[in-house]
């Protein structure tokens, strides 16, 4: 029997689901328990294929627009995704007489309120974010067309010409890189000294915490694996942060079977984290895949303990959600005990 080579896996904490993602998934599951299938969900509830497929198996039906819901099912509940939606979406739901449950992350809702506050004070709103991201579409859709300008890059910030440079306020997409945001803000604040910040930090606590955990584990890592989907903004940022802070290579994977072990080369230290929409059960799966090939020692790299939780919608608070209901995403193994 061959002897397995030793391997240290640095397991980042915090990692994976944030309170907003956890709440959104719970809302879909609770709606299924209370109202029965099907429950419609506008857009992916979170950007993770495994989560979406798991909810589909339990009776959720995902649509991109409300008019995709058949008329005979318009008495069934519809859930809005964690990313938030433009104001036009609940207005359309009201026109269709749909019963909807809003799973928008409370921190995204806070950004919406900050944008509206800027407008009430007569300011044009600058949104720092990525075009086409559902959260950006939702935030821009809180105000009338033309009231928000999207700034994606430092180049955008350098060339932006407002109508009134003394009447500007900004908000940011919650899942942006802290460093990327800082560079854009530095340009904007130098060009427009009167630029008004939001009353509270727009970048989500979980985004910052996961980036800090990756920074702490990156140096000395032969490989840094980030569990997440290609369309997950916060997961892609973690890959960038890992490389920027010293990992020899950093890879985004959705499942263990995407890892090409034959091409990884010699490994002594592998660091492992997960984006805010990536389930813990995939972290378990990846560790198991490494255990089949290496003599693995787990080292927990913890930077902060997260205690945040968000209440689900009032209509669902009388429904009991069991650990078994969430087992398809949370997993059952030893890594779960290491996650805060």
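Placement of Cβ uses the backbone N, Cα and C atoms for every residue, glycine included.
It should be emphasised that the depicted structure is a prediction, and the values quoted were computed from it without experimental measurement.
In the record from Swiss-Prot, residues 47, 83, 133, 232, 233, 234, 277 bind (2E)-4-hydroxy-3-methylbut-2-enyl diphosphate; the candidate from 172, 174, 309 listed for the same site is 174.
Other Cβ atoms within 10 Å of the Cβ of residue 83 (dimethylallyl diphosphate binding site) number 28 in total over all chains. The binding-site residues in question are 47, 133, and the one with the fewest Cβ neighbours inside 10 Å is 133.
Note: the CA-CA distance between residue 233 (dimethylallyl diphosphate binding site) and residue 174 ((2E)-4-hydroxy-3-methylbut-2-enyl diphosphate binding site) rounds to 10 Å. Considering only the recorded positions 18, 105, 135, 174, the residues lying within 10 A of residue 234 (dimethylallyl diphosphate binding site) on a C-alpha to C-alpha basis are 174.
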